[in-house]
Amino acid sequence: MPMYQVKPYHEGSGSLRVELPTCMYRLPNVHGRTGSPAPSADHVQEASDPSLQALESRQDDILKRLYELKAAVDGLSKMIQTPDADLDVTNIIQADEPAALSTSAVDLNTMLGQDHGALKDIVINANPAWPPLSLLVLHQLLCDHFRVLSSVHTHSAVQGVPAHLLQCFGEQTRQRPRHEYQLGFTLIWKDVPKTQMKFSVQTMCPIEGEGNIARFLFSLFGQKQDAVNLTLIDSWVDTAIFQLKEGSSKEKAAVFRSMNSALGKTPWLVGDELTVADVVLWSVLRQTGGCGGTVPANVQKWMRACENLGAFHTALKLLQ
């Protein structure tokens, strides 16, 4: 006898029919809709995030610029070898040039601006503790090419300037009226951390650093150089200021080796003609006392060649 009486679930003797599901989830068929074509790949791409497209475009631009910079650096590395890497910086074919300092006619109005009747006066502030020997050499070269009115003064804040510094331009006598001079060159002994130059006190900021001023003054001679030589000259000037003057003993030794190698091929540092690189390097060597017995033979010969030129005699007198 059963414990619980349960009514039959189905009547009669028919079989029980149970419908089982054929899929777990049902979704509408997008292909079966009328008037609604299936989405294409282009539609999916257009529906992407605009910020993602902007990011991809920016990445492409950055990569393109990086490739261009890499190509430019590779081109420069094939042209220039730096002296601090202890490599030969003159392993480049030099054009034949005359031995003397060749100059071309320079329009001072173009270089220094219209004077409107006033004398173009280059004013240099220099510290008497570190006389800029290269600027004295360039002053003498300017006097050889232009009618220069030279003068030396002392700033009121500086006391006890030696007499030979006050007479570094010789006797300051005016041999002609002021308006007949082409250029003024005024040197003021002043307590400044770096040598400064102005040729238009009202309209320009000062040019600082002996190397930068020497570059500007030498440009007044109108010397013609190709791009390769100009790059080498700038490299030597920077080497003189940052490695020979301010560098370690290891850096100075590397500079001497590079100079000795270059001067073994040409009489001057860049080709067969005196350049601002020779003037600045000679000045730094004399200022730092780097002319002793450890200087290579080619460098010593080059220094004697510099000091045999009349333009260097004024600077040499300050060292005596």
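The backbone N, Cα and C atoms fix where each Cβ goes, and this holds for glycine too.
Bear in mind that TrEMBL entries carry predicted annotations, made automatically and left uncurated.
A quick note: this is a predicted structure, and the numbers were derived from the prediction, not measured.
Per TrEMBL, the features are as follows:
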type	residues	note
DOMAIN	1-44	domain 'AIMP2 lysyl-tRNA synthetase binding'
DOMAIN	118-208	domain 'AIMP2 thioredoxin-like'
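Counting residue by residue with DSSP, the domain 'AIMP2 thioredoxin-like' (118-208) contains 20 helix, 25 strand, 46 coil. In the predicted model, the domain 'AIMP2 lysyl-tRNA synthetase binding' (1-44) shows an average pLDDT of 68.
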